[in-house]
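Scroll down for the structure; my scribbles are underneath it.
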Amino acid sequence: MTHPDISVDVLVIGAGPTGLGAAKRLNQIDGPSWMIVDSNETPGGLASTDVTPEGFLYDVGGHVIFSHYKYFDDCLDEALPKEDDWYTHQRISYVRCQGQWVPYPFQNNISMLPKEEQVKCIDGMIDAALEARVANTKPKTFDEWIVRMMGTGIADLFMRPYNFKVWAVPTTKMQCAWLGERVAAPNLKAVTTNVILGKTAGNWGPNATFRFPARGGTGGIWIAVANTLPKEKTRFGEKGKVTKVNANNKTVTLQDGTTIGYKKLVSTMAVDFLAEAMNDQELVGLTKQLFYSSTHVIGVGVRGSRPERIGDKCWLYFPEDNCPFYRATIFSNYSPYNQPEASKKLPTMQLADGSRPQSTEAKEGPYWSIMLEVSESSMKPVNQETILADCIQGLVNTEMLKPTDEIVSTYHRRFDHGYPTPTLEREGALTQILPKLQDKDIWSRGRFGSWRYEVGNQDHSFMLGVEAVDNIVNGAVELTLNYPDFVNGRQNTERRLVDGAQVFAKSKAQ
């Protein structure tokens with residue numbers, strides 16, 4: 001057997017949040033030799049940011065930085081240490097329903113709806129509350145969970161149509177163990193009180209406040225984190241593209257023919273791609289049981305000041321079929337640097353109603369922007385040719401844009417692997433796939449590496465990498481991967497970027 005060109009103790013494939021988490025921890029421990037490779041020149045993976053020619057920024061989806069982990073905060077604060085690197089926002093979100101903006105969470109604010117809809121919703125909630133008292137089995141599907149928690153009124157008005165738009169899979173085909181803290185259970189007494197008094201209920205959930213980077217979008221965070229790693233241990237771009245993983249002799253082949261030998265492998269590529277790269281037919285067969293949806297990210301840059309009807313809304317949910325998108329993010333509200341300066345002159349491309357502008361002469365701003373997400377799967381196809389126009393029409397239909405609004409920039413990008421779907425078959429497949437890989441010294445981790453949506457946010461993904469390294473180096477239990485509800489229900493403060501061992505090492509060196 002020929003020797004590999006490069007040999008390391010731990011090889012990390014992928015420089016998204018998970019791979020960077022693994023690399024940060026390896027660099028901190030300063031024990032095993034390591035290297036990180038990625039086929040993109042720019043690190044960030046699914047948490048990167050694009051810039052349109054006109055100067056509008058769009059994240060690859062509706063990212064916000066909410067953290068369950070002190071270690072994650074430490075790493076971000078180290079990468080972007082200045083106060084003016086960040087903006088902090090209150091979560092202000094609404095559901096568009098029956099021509100109204102209903103504050104989120106929808107199920108706590110049905111007092112905003114027309115009276116007959118209120119009756120249907122409360123009727124269903126009373127039935128659900130009575131059922132819950134006598135139920136002695138857990139719900140088997142997401143659909144059963146919805147009906148049991150909220151009743152058929154809210155299920156039909158919001159939860160079923162909205163979740164089909166998000167997941168591109170019917171709720172009857174999804175399991176419900178993933179839910180944890182992600183959906184607010186309604187309080188029947190509070191809802192009834194609010195309906196009678198005509199009140200609305202306030203913020204709920206983990207992202208009630210969140211911070212967002214001032215410059216460079218979400219992608220700017222991960223570029224900054226990657227910049228804290230030693231350059232000689234990174235290999236990004238074409239020269240870092242993995243074409244083959246030979247699990248038997250523990251080598252990875254890159255596109256330029258370079259081979260890297262490893263003792264342990266942390267792979268953050270989608271596990272279905274990993275199985276293909278390994279040419280392991282048994283694993284390929286098992287990964288076929290995993291379902292995912294694709295995500296279309298659509299951006300629309302608009303001339304003018306942000307209208308009052310939009311105000312300081314952050315993100316908005318759309319369960320109805322008068323628009324293709326399930327979520328809109330007012331991306332210009334997150335940072336003034338997410339769009340061009342008002343003094344920049346841009347021509348009008350079209351009006352929101354699709355008509356041509358009277359003049360195509362470049363004019364000054366100011367500008368604001370909307371980012372939209374549309375899901376796609378075999379069960380919910382999307383027409384690529386018309387999706388942008390359909391979304392702009394949807395913005396007019398939902399009164400997000402006026403027909404005469406001037407559009408100065410558009411953006412559309414499709415991400416094949418967008419959401420790892422928590423289908424009924426998921427755990428049966430994962431509980432075979434992940435241990436089989438681990439037996440071969442491969443830790444497959446990340447949003448699509450370990451395929452668990454409930455630990456697929458940026459903070460979770462980062463910690464999946466950190467914890468994989470701790471497991472490799474000293475056998476520590478991977479809490480995030482194995483106990484999602486546990487980590488999501490507490491402040492995880494035990495692990496820090498500067499720990500005791502490093503403090504002692506520093507004092508010795510002095």
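Numbers here mean position along the shown chain, with the first residue as 1.
Each Cβ is built from the backbone N, Cα and C atoms, and glycine gets one as well.
Record check, Swiss-Prot: NADH site residues include H68, R91, S93, Y419, N457, and the candidate from R445, R447, R495 also listed there is R447. Closest by Cα distance to T18 (FAD binding site), from the binding-site residues R91, S93, Y104, M159, Y317, is R91.
Calculated from their C-alpha atoms, the gap between G456 (FAD binding site) and R447 (NADH binding site) amounts to 5 Å. Within the set of binding-site residues R91, S93, R327, the entry lying nearest in space to M159 (UDP-alpha-D-galactose binding site) is R327 (CA atoms).
If you take the CA of H68 (NADH binding site) and look 10 A around it, the binding-site residues you hit from L46, Y317, R327, H460 are H460. The two recorded residues, N457 (UDP-alpha-D-galactose binding site) and S93 (NADH binding site), show a Cα separation of 19 Å. Here the candidates are the binding-site residues N163, Y317, R327, Q458, and by Cα distance the one nearest S93 (NADH binding site) turns out to be Y317.
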